[in-house]
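To start, the structure under review is shown below, and the notes come after it.
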Amino acid sequence: MVTLKIDGIQVEVPKDYTILQAAEKAGVHIPVLCHDSRLNPFGACRVCLIEAVGNPRMMTACTTPVAPDMDILTNTEKLQRIRKTVIELLLVNHPLECPVCDKGGECTLQDLTYEVGLTKVRFDAKPADTPVDHTNPFIERDVDRCVLCGRCVRICDEVVNIQAISFINRGMETMIGTAFDQPWNCEFCGQCISVCPVGSLNNRVYLFKNRPWNLEKTDSVCGLCGCGCYIELETEGSELYRMGELPEKGANHGNLCAKGRFGFEFVNSVKRETSAKVRAAGELADADFDQAVVTVAEKVKSIRAQHGAEAVAVLVSPRLTNEEAFLANKLAKEVIGTGGMYALEPHSSLPEATYADIEKSDAVAVLNIDVTEANPILGLAVRAAARMNEAPLYVFYPSETALKRLAEKQFTGTPDEVYASMTRLVEGQGAEAAVLEVLKKAEKPVAVYNPYNTADLWFVSELKKQVPALKLAAARAKANSQGIVDMGALDAAKLKEGIQNKTIKALLCFGENPAVRTGWADLSLDSLELLAVTDPFMSETAKKASVYIPVATYAEKDGSFTSLEGRVQTVNRALCKGLKTDAEVVAALAARLGGSLPSCSCEVRELIRKEVPLYKEADFDGGVISYPYAVKGEFEKPAKAAAGEGAYFLYPSSLRLHSGSYTRWSPDLAKVYGEPKLEISPADAEALGLGDGDAVSVSAAGITKVFKVHVEKHMTKGCAALPEDYVDTAQIFSKGRYHKVSLGKKG
Amino acid sequence: MKNIFDTLLLTEIFQGLGITLKHLFKKKVTYKYPFEDTPIFPRFRGVQYIKTHENGATKCVGCYLCQKVCPSECIHIVTDCGPNGERLIRKYELDLSRCIYCGFCEEACPVDAVHMGRNYHTTDSTRDHYVINMKTLSENYKKELADAQAKGEQL
Ligand code: SF4
Ligand code: SF4
Ligand code: SF4
Ligand code: SF4
Ligand code: SF4
Ligand code: FES
């Protein structure tokens, strides 16, 4: 510990602190421009200059470490004068278009100009007039406004680890760009936008749509993937305008991915349904809400009277909040009288490692999942471990992933080869034995895996037996994938069986879209006498419904989601589109069926505390639940991954831009990735005579589908990948996750 | 006694008529609105206008400051990104039936676009006509400009 004085205030801080950190602790404000607490000190802007008594030179507070007995002055007349000049110099090259610039109102340079009281610039402004770059789908770039603080370059390197952008040229010519002026080819996470202190990098989805002082801000949680990012929903009236990041709150440190940051537009979509529908004479016809609920309730009653309560099943989706899932469970058990509700989510694995565990880990294994694509923020934690903590990182995945540049070793190959590799890992044989040794020796080893595949569960449970210290992170796919399991959702295998052998006659499907889910797309729902579906959109399943009720999205409801870390976080309603929430639908149904359930989330939360032992002490504002186990169950050692006879291995890939069926309704994400594409390696593409965008037919397990080709140099020769959660691909993957397929050029 | 005289000779009435007579020849003070305009003071705040550039494009950059500052919430703006990546004003509406003519919008505008005009003829038979848009506001500017030029004044 070091003791020093800042503006006369004595503070004691650890010796690796910078003067800026010490000042923060002392409660002294030092203006900064190029500094960001998430990034390494850089010292580019000189705005944070301070004086140390007895030292004639001034120092930058953000980069200078503290020393014992320093006497720091942060606001002398000399400093004020110099700060003013620094800002003046910055403004020479910075066009003063504040009323037009999208950053107006939240621009650090604007704020600093006010703060130092600058009213007149002594130097002639010489703004360049470089054209604004609109080529990137998500990022608008105006290099003239750049103050060369390097925050974007640093966050893309230090946190995202993509190094998509850098300083190019020198001296007066310096600017931010890509090597050889290539188009930005990156993760589109928008982290660079979020740190840019001026309006040089702007969010194109929000571009010129509104202004910060005009927007209402509501803290909430992203409702798309299982990462559970803490966000700020920025709204005006009933429109959602922007996803803001909150670096101080939440486990994601303000980082978001392309889906969360740019994909929210589906909430405002005009394609959303506004009226309930009841099927009459084969067609779905508009009905009012009460009528729809009555129809469902009457049908449920008659089916229950005829076939017993077990003929009615409830299926919930991970879009439901914990509160809603809890109510749905009560509806199933107490009001209808069945065994409970089902969900298409695995039960054998529960959260264990938190992001902090992963970031601090000293050895990381990523098992058969493209984690930066599937769960981008979990991916950032893995990157932080490998980059900042220098933990050895081992990646097992059929193709090369974005973790390539950080991985100590990658084990790629066909799915069969990857499984063989993982088998050698758990058995401690071959080249993989060394990896097992590293994991065994590590103090805080972590493994990230895909919990949706039972074959993978065998590997992690075996690995856990070998390395008891290993902490597991199950990469759950959707916003509340964990929460609905915690609220008692049952394994849906029984539901599938019930529908297949027709013992289930009525299905109340809350938000789920089985028609595009792997393992379910081949299930015919036609034998059901009642299929009631709630969904914000007319989904593939909703189209088959006998009663359809449009419902609110995550931005329009209160409740909580449990992330893949096991972190319970509160979701707050930011806007209202006049639609019912799933909780209200459940409550209305219960009332019609002669029960009574509350729909207000605080009431339900009390019930959860009482009735769900895991959540007895839960802190719904970011507390982590401690689970009884990480993986449990008997898993069979997978024999061969892929079935079938074709020449190519097909496996499901993850997409950063889409997680399931929600994001497909986002017009902005669809611009970049609108339809499923088959990824193959350049060598295979050449052999098949295919180029980017060509049509290719994929035949597997008796199904033939046509997709567009995307030639991807990271793909392993002999492999092909398709994204999950599209109607066509779900049908293929429902026959098995891995296939030997034959590919043929079309047309 | 005097009282009886006054009453008999109707002096009071004639006195009164005298005053009327006097005023009959004085300069009149009543304005026959709407056939005649009342004079207004130089800093009078009437219906707003929005300035345009020489090429006719609006000077307003859609910064939402006037909307934010307006105490009676009568301004409604919708902006978007134009085809060439420029700031585009999709909608600028001002509800004159709510406006209290405080002039805050004029004060807040950073680009000298919206101004309080001198026109106060707002009566109409339906409330709908009280909501004016960018087109009307720009036309108001043209009118104000013509008026000012006619009077040899600066706008
Ligand atoms: S969007 Fe993300 S990956 Fe792309 S340049 Fe910005 S920070 Fe880097
Ligand atoms: S683009 Fe923004 S964040 Fe990047 S260096 Fe310039 S001002 Fe800094
Ligand atoms: S989609 Fe997932 S990673 Fe992306 S912002 Fe939302 S929660 Fe975070
Ligand atoms: S004059 Fe006042 S009330 Fe009227 S539009 Fe302007 S700010 Fe609003
Ligand atoms: S303050 Fe001026 S520039 Fe801004 S929106 Fe209003 S009229 Fe337009
Ligand atoms: S904030 Fe310290 S030099 Fe920029």
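Just so you know, glycine gets a Cβ as well, placed from its N, Cα and C.
Keep in mind the model is a prediction, meaning the values are calculated, not measured.
Same-site candidate for [4Fe-4S] cluster 2 binding, as annotated by TrEMBL with B:CYS99, B:CYS102, B:CYS105, chosen from B:CYS63, B:CYS70: B:CYS70. Between the candidates B:CYS81, B:CYS109, TrEMBL assigns the [4Fe-4S] cluster 1 site shared with B:CYS60, B:CYS63, B:CYS66 to B:CYS109. The two recorded residues, B:CYS109 ([4Fe-4S] cluster 1 binding site) and B:CYS102 ([4Fe-4S] cluster 2 binding site), show a Cα separation of 14 Å. Filtering the binding-site residues B:CYS60, B:CYS102, B:CYS105 for a Cβ under 8 angstroms from any Cβ of chain A leaves an empty list. Reduced to three states, the DSSP call for B:CYS105 ([4Fe-4S] cluster 2 binding site) is helix. For the binding-site residues shown (B:CYS60, B:CYS63, B:CYS99, B:CYS102), fewest C-beta neighbours within 10 angstroms: B:CYS102. Among the binding-site residues B:CYS63, B:CYS99, B:CYS102, B:CYS105, the residues whose Cβ sits under 6 Å from any atom of ligand 4 are B:CYS99, B:CYS102, B:CYS105.
Cβ atoms within 8 Å of the centroid of the Cβ atoms of B:CYS70, B:CYS99, B:CYS102, B:CYS105 (the [4Fe-4S] cluster 2 site) belong to the same-chain residues B:CYS66, B:VAL69, B:PRO71, B:SER72, B:CYS74, B:ILE75, B:ILE100, B:TYR101, B:GLY103, B:PHE104, site residues excluded.
Taking Cα separation as the measure, B:CYS66 ([4Fe-4S] cluster 1 binding site) is nearest to B:CYS105 of the binding-site residues B:CYS99, B:CYS102, B:CYS105. Counting only same-chain residues six or more apart in sequence, the Cβ atoms lying under 8 angstroms from the Cβ of B:CYS105 ([4Fe-4S] cluster 2 binding site) belong to B:GLN48, B:CYS66, B:VAL69, B:CYS70, B:ILE75, B:VAL114. Away from its own ends, the domain '4Fe-4S ferredoxin-type' (B:50-80) comes close to residues 87-100, 102, 104-115, 134, 137-138, 140-142 of its chain (Cβ-Cβ under 8 Å, at least six residues beyond either end).
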